[in-house]
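Inspection log for the structure reproduced underneath, given as structure tokens.
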Amino acid sequence: MSTTASTSSNNLTFTSIVKSFFESYSKTPQKLKIIDLFLIYTFITGVIVFTYCCLVGTYPFNSFLAAFISTVGCFVLTVCLRIQINPINNFGKTISIERAFTDYLLCNLILHLVVFNFLG
């Protein structure tokens, strides 16, 4: 009987954690929520590319690597943008949103030039 009580206690703890997460996430600015949606999209694209590689094969291996590097690189750069824009993550350095977004665009341009060059 004690395992049932501890299991229900764990469920209450899990539900309280999930509820707390959604309550705190509802206070997140709209800009960060849009970035989060793009991160989810990029992650799903990377999973699709990797699944395609596993199921179908990697005949044009450079194309697979270019697509996968593009999704991973774009994901990492977007996470960096989210960290820079988030007002909670102010570590004493004040970077304007415009500067962070410009850095993001330039890094994405360099990333995709490298990916395009890698296609051959």
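Keep in mind that glycine also has a Cβ here, set from the backbone N, Cα and C atoms.
The annotation topological domain 'Cytoplasmic' is assigned in Swiss-Prot to 1-36 (among others) on the grounds of sequence analysis.
Marked as transmembrane segment by Swiss-Prot on the basis of sequence analysis: 37-57 (among others). A Cβ distance under 8 Å defines the sequence-distant neighbours of the transmembrane segment (37-57), meaning residues of its chain 6+ beyond its ends; these are 64, 67-68, 71-72, 74-75, 78-79, 82.
Note on the transmembrane segment (61-81): residues 35, 38-39, 42-43, 45-46, 49-50, 52-53, 100-101, 103-104, 107-108, 111-112, 114-116, 118-120 of its chain, located 6 or more positions outside it, place their CB under 8 angstroms from a CB of the stretch. As annotated by Swiss-Prot, transmembrane segment applies to 61-81 (among others).
Mean per-residue pLDDT, taken over the topological domain 'Cytoplasmic' (82-99), amounts to 85. Positions annotated as topological domain 'Cytoplasmic' by Swiss-Prot, on the basis of sequence analysis: 82-99 (among others).
If you look up Swiss-Prot, you'll see 100-120 (among others) marked as transmembrane segment, on the strength of sequence analysis.
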Secondary structure content, the topological domain 'Cytoplasmic' (82-99) (per DSSP, counts of residues): 10 helix, 0 strand, 8 coil
Tertiary contacts of the topological domain 'Cytoplasmic' (82-99), as residues 6+ beyond its ends and Cβ separation under 8 Å: 29, 31-32, 35-36, 39
Tertiary contacts of the transmembrane segment (100-120) (same chain, 6+ residues out, Cβ under 8 Å): 62-63, 65-66, 69-70, 73-74, 77-78, 80-81, 84-85
